[in-house]
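Taking it in order: structure first as structure tokens, then the write-up.
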Amino acid sequence: MSSVGDMSGEIQHKSYWRFSKQDFLPEESFQSWGNYRSALSETCFRFKDRLISLSDDVNEIGELRKQSENEMKRCLTWWDLTWFGFGSVVGAGIFVLTGQEAHEHAGPAIVLSYVASGVSAMLSVFCYTEFAVEVPVAGGSFAYLRIELGDFVAFITAGNILLESIAGSAAVARAWTSYFTNLLNLPSNSLRIHTNLAEGFNLLDPIAVGVLVIAATIAIISTRKTSLINWIATALNTAVILFVIIAGFAHANTSNLKPFLPFGAKGIFQAAAIVYFAYGGFDNIATMAEETKNPSRDIPIGLLGSMSIITVIYCLMALTLSMMQKYTEIDKGAAYSVAFQSVGMNWARYLVALGALKGMTTVLLVGALGQARYTTHIARAHMIPPWFALVHPKTGTPINATLLITISSALIAFFSSLDVLASLLSVSTLFIFMMMAVALLVRRYRVKEITPQTNLLKLVLFLLIIIASSMGTSAYWGLNPNGWVGYAVTIPFWFLGTTGLSMLPQQREPKVWGVPLVPWLPSLSIAINIFLMGSLGAEAFERFGICTVVMLIYYVFFGLHATYDMAHLHRKAQSTEVNMIGRKGP
């Protein structure tokens with residue numbers, strides 16, 4: 001079968017808008033029912049093959065990109081990436097989740113929740129930056145995990161990336177409607193359609209759908225124009241944020257900070273696990289490496305620069321809100337607007353609402369770019385139909401992938417409330433970032449066909465100790481927040497695992513920019529992400545578990561066989577090429 005991965009010149013003349021079976025299911029396993037039954041009978045063998053199969057830098061950067069048929073346009077600089085960082089991150093998290101979590105879990109200590117989340121996010125940013133510089137492709141964490149941890153782990157991550165992308169956009173779109181309602185001085189939920197559906201799904205939101213469609217349309221037209229629009233909107237939003245901080249401190253009342261820990265230390269970490277969603281957008285920047293003019297220079301500046309400033313801004317804004325209003329009186333839907341109203345600055349609520357709308361608009365705009373590029377690379381690997389990998393020849397953008405994310409997000413935004421989405425989002429985000437830290441350690445300490453078997457076994461052992469001890473710490477915290485005996489066991493084991501790793505020789509040095517203090521910082525990232533995951537409620541894990549089961553069902557019946565056929569065809573092509581070179585001789 002020549003249709004999979006065939007990049008001969010004739011394909012370049014095909015119309016972008018095509019809908020044949022070969023465009024969606026070109027793999028051998030799906031050419032007939034007989035082939036499919038045969039593929040299913042080999043499920044165990046194929047799963048083993050995919051479980052241990054690793055990709056490599058060359059394949060991700062070169063071969064897989066051919067599946068898109070057309071190149072994305074290299075048009076972004078460090079300036080664009082820095083503003084994309086602001087636009088992608090500053091939005092729903094600070095303007096919506098801050099009030100929600102301060103009211104319900106953390107109280108004035110919400111500022112410490114942002115510190116904890118910010119530290120964890122910066123550790124993840126280090127890992128993303130090293131990978132993005134060395135593997136500058138649209139796939140982001142999906143591509144990095146395919147290289148270091150294999151196809152199956154990458155699939156689980158891909159499922160969570162898509163879940164995070166779809167649910168994340170839906171959550172921000174719902175928040176957009178809330179602030180728009182406040183801007184118009186209307187009662188809460190007055191612009192939503194009330195129904196008799198179950199709680200959390202009974203307020204239909206057509207405005208959220210419209211905002212998603214507009215953002216996607218802009219992203220489809222041009223990456224460069226999207227960057228310009230994002231820069232203008234983010235600059236205006238930054239001005240509003242500076243106003244909020246300055247005016248907020250001018251009307252601060254330190255008595256509102258008492259009691260500082262109304263829910264105890266446990267509340268800080270419960271809130272930290274939720275507001276972590278506010279930092280999640282930075283991974284979109286890594287997906288734009290394929291469109292960056294000079295990835296080795298521009299990505300570190302854009303990612304590290306924007307995230308450092310954002311962390312400080314988040315902490316200042318959280319402190320401002322806590323000093324302006326008692327945590328019990330903070331409005332969970334439009335916290336900052338109502339807070340200014342409470343100190344007599346009624347006019348400021350409209351400015352804040354407008355700034356929040358601009359912030360959430362840029363989050364949706366940059367999200368539409370980054371999420372589509374994730375989806376494009378996932379489709380390049382045939383984990384979803386390769387039709388979604390196609391890049392339009394004129395716009396240089398992945399229109400099909402953008403439509404997939406937008407339509408899915410719109411359906412969820414129409415029905416689901418923000419609190420239903422936020423906890424699910426945080427589990428997926430924390431899981432992906434934890435896996436990225438593991439992948440970074442594997443990349444530094446393992447090189448295929450070079451690392452001695454004994455060192456490889458030690459690497460696996462020490463990683464298992466780090467992960468298990470981190471899970472133990474998180475579990476003990478959940479069972480007995482005021483205890484200490486459990487930590488006396490789990491924390492030394494974490495040190496043991498990390499120290500053991502530090503004594504192994506590193507097999508690979510970063511070419512341009514690398515995470516400092518390896519293995520300590522990536523190991524700390526693993527521990528913090530697992531700890532924050534454990535701080536989430538059982539309901540979040542139930543939803544996460546259900547979604548994971550659905551992903552596995554999909555993988556067994558489709559993804560496994562599509563990726564196996566793709567890899568098998570690639571191996572045949574490589575073998576044929578080697579044989580041809582051998583026949584030619586020296």
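Backbone N, Cα and C define each Cβ position, glycine as well.
Just so you know, TrEMBL annotations never went through curation; they're auto-generated.
According to TrEMBL, the feature transmembrane segment maps to 75-97 (among others). Same-chain neighbours of the transmembrane segment (75-97): 171-172, 175-176, 178-179, 223-224, 227, 230-231, 233-235, 237-238, 241, 274-275, 277-282, 284-285, 288, 291-294, 297-299, 301-303, 305-307, 309-310, 313-314, 317-318, 333-336, 356, 359-367, 369-370, 418, 422, counting only residues six or more beyond its ends whose CB sits under 8 Å from a CB of the stretch.
For 109-131 (among others), the entry in TrEMBL reads transmembrane segment.
Per TrEMBL, the feature transmembrane segment maps to 152-176 (among others).
Residues 169-170, 173-174, 176-177, 180, 189, 191-195, 229, 361, 364-365, 367-369, 372, 395, 397, 399, 402-403, 405-406, 409-410, 413-415, 417 of the same chain lie 6 or more positions beyond the ends of the transmembrane segment (203-221) yet place their CB under 8 Å from a CB of it. Annotated transmembrane segment per TrEMBL: 203-221 (among others), in sequence order.
Here TrEMBL flags 228-251 (among others) as transmembrane segment.
Same-chain neighbours of the transmembrane segment (263-282): 85, 88-89, 91-94, 97-98, 100-102, 104-107, 109-110, 112-114, 116-118, 120-121, 124-125, 128, 164, 168, 171, 303, 306-307, 310-311, 314, 363, 366-367, 370, 422-423, 425-426, 429-430, 477, 481, 531-533, 535-537, counting only residues six or more beyond its ends whose CB sits under 8 Å from a CB of the stretch. For 263-282 (among others), the entry in TrEMBL reads transmembrane segment.
Here TrEMBL flags 347-370 (among others) as transmembrane segment. Proximity of distant same-chain residues to the transmembrane segment (347-370), defined by a Cβ-Cβ separation under 8 Å and at least 6 residues beyond the stretch ends, is recorded for 84, 86-92, 94-96, 140, 165, 168-169, 172-173, 175-176, 179-180, 182-183, 211-212, 215-216, 218-219, 223, 226, 229-230, 233-234, 236-237, 239-241, 243-244, 247, 281, 283-285, 287-288, 334, 336-338, 340-341, 402, 405-406.
Marked as transmembrane segment by TrEMBL: 399-418 (among others).
Counting only same-chain residues 6+ beyond the ends of the transmembrane segment (424-443), those with a CB under 8 A from a CB of the stretch are 120-121, 123-124, 127-128, 130-131, 141, 144-145, 147-149, 153, 157, 160-161, 163-164, 167-168, 171, 273-274, 276-277, 280, 283, 459, 463, 467, 501, 508, 515, 518-519, 522-523, 525-526, 529-530, 532-533, 536, 540-541, 543-544, 547. According to TrEMBL, the transmembrane segment annotation covers 424-443 (among others).
If you look at the transmembrane segment (484-505), the same-chain residues 6 or more away from its ends with a CB under 8 A from one of its CBs are 441, 445, 455, 458-459, 461-466, 468-470, 472-473, 476, 519-520, 523, 527. Sequence annotations record features per position, and here TrEMBL assigns transmembrane segment to 484-505 (among others).
Among the features that TrEMBL reports, domain 'Cationic amino acid transporter C-terminal' is placed at 513-562.
Long-range contacts of the transmembrane segment (517-537) within its own chain (CB-CB distance under 8 A, at least 6 residues past either end) are made by residues 116-117, 119-120, 123-124, 126-127, 266, 269-270, 272-274, 276, 423, 426-427, 430-431, 433-434, 436-438, 440-441, 444-445, 466-467, 469-471, 473-475, 477-478, 494, 497-498, 501-502, 506. Among the features that TrEMBL reports, transmembrane segment is placed at 517-537 (among others).
With a cut-off of 8 Å between Cβ atoms, the residues of this chain six or more beyond the transmembrane segment (543-564) that come close are 25, 27, 29-30, 36, 39-40, 43, 46-47, 49-50, 151-152, 155-156, 159, 163, 381-384, 423-424, 427-428, 431. The annotation transmembrane segment is assigned in TrEMBL to 543-564 (among others).
Across the domain 'Cationic amino acid transporter C-terminal' (513-562), DSSP classifies residues as 40 helix, 0 strand, 10 coil. With a threshold of 8 Å between CB atoms, the same-chain residues lying at least 6 positions outside the transmembrane segment (228-251) that come near it are 80, 83-84, 86-87, 90, 218, 313, 316-317, 320-321, 323-324, 336, 339-340, 343, 345, 348, 351-352, 354-356, 358-359, 361-362, 365-366.
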